Amino acid sequence: MRAVTWQGKRDVRVEEVPDPRIEEPTDAVIRVTSTGLCGSDLHLYEVLTPFMTPGDILGHEAMGIVEEVGAGVPDLQAGDRVVVPFQIACGNCWMCLTGLPTQCETTQVSTEGMGAPLFGYTRLYGAVPGGQAEYLRVPQAQYGPIKVPEGPADDRFVYLSDVLPTAWQAVAYADVPEGGSVAVLGLGPIGDMACRIARLQGADRVFGVDLVPERLRRARERGVETFDLRSFDDEKELLTAIRDRTDGRGPDAVIDAVGTEAHGSGAARLVQNAAALLPRKLGGPLAERFSVDRLAALYTAIDLVRRGGTVSVSGVYGGMADPMPLLTMFDKQIQLRMGQANVRRWSDEIIPYLTDDDPLGVDDFATHRLPLSDAPTAYDMFQRKRDGAVKVLMKP
Ligand SMILES: NC(=O)c1ccc[n+]([C@@H]2O[C@H](COP(=O)([O-])OP(=O)(O)OC[C@H]3O[C@@H](n4cnc5c(N)ncnc54)[C@H](O)[C@@H]3O)[C@@H](O)[C@H]2O)c1
Ligand SMILES: [Zn+2]
Ligand SMILES: [Zn+2]
């Protein structure tokens, strides 16, 4: 089959690789019909390279048609239409039953000290072949895949794999009080969707911050009060502008939908680049122990949130030695919640909104639909935010 493989920094290629097959009774193999490109893939493209191996198959936002199931997957059969959550969990351990499949005790990548494995996401997360491919082997298929009805185009459902539950969890963790306000930093797919969900759930004021004009426009068109980072001389001016709209206090909650590649501080790039140049054996551990994220967005979130408010972090950070402003966090009595989205924890709550009247605007959420063979162009375009690319779906 053809699959998108990682070959090196900013180097992905579509290559012929062996077809996946059933290896465990709890496996399924699906024929992928749509597969998303995510901000998280961009970390692998550029920053997390020490944790990648050339030839790794990328992608964690796939849906498709079940081809084959193992004997331990009673509820799926060939021909079913399914969306595959980006994490692999058993559905039956203490963590899964608590609603935390990202921490699944059956599948945890204990050799790396990490939680549940993720499709197409570095050896830290199990080096599992990903879903930007013609076929995908889905482990723990007795729990993961979400069955969806025939009829609507893939666009209606594909975001259940990641964007929707991630944005949903971001808003749930933000815990915006009735009639309250929330600021969303970053208006990529995750931040944009988080704004939509916050409004749907009744947040009174939703503020959105980014620096890409078409991303700001998309949010503004759906009622978000937007702020263009480029129009402020410094962070203080931005904080003042948003505080002015919240009685001088700051929003009740701030969602960080940016993560480690935040625009606005370059210091950590040096460390990341240095680690990426080391021999593979050294590069991994070293990057792991000494890495520092670019923390501009997280610092802004902590400064901006009102005293006693909540910071909800969806953006991915990977540093082990990040300097955090604990004086401010403690003094402002901030609550901080974060993590990978627990997909199946939220999917049943979300599905009722995936209807013909489309309250979340999923049907035209994608800005680009490309064949899988265009993956190298798609990655480049999405990373550089060219051609109005906000969400890219690929069709094998
Ligand atoms: N927690 C999870 O389960 C989960 C799931 C999916 C994605 N993510 C993470 O969420 C983040 C966003 O994902 P995405 O797909 O929307 O990616 P994206 O890269 O398209 O979006 C990030 C946006 O942040 C903007 N930005 C950069 N610096 C900023 C700053 N200082 N202030 C405000 N905006 C800034 C960029 O212009 C961009 O529009 C990524 O870090 C991704 O890894 C997490
Ligand atoms: Zn994703
Ligand atoms: Zn489990």
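Cβ coordinates are placed from backbone N, Cα and C, and glycine is handled just like the others.
Here TrEMBL flags 25-146 as domain 'Alcohol dehydrogenase-like N-terminal'. Annotation source TrEMBL lists domain 'Alcohol dehydrogenase-like C-terminal' at 189-263.
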Counts of helix, strand and coil residues, the domain 'Alcohol dehydrogenase-like C-terminal' (189-263), according to DSSP:
32 helix, 15 strand, 28 coil
Using DSSP, how many residues in the domain 'Alcohol dehydrogenase-like N-terminal' (25-146) fall into helix, strand and coil?
25 helix, 33 strand, 64 coil
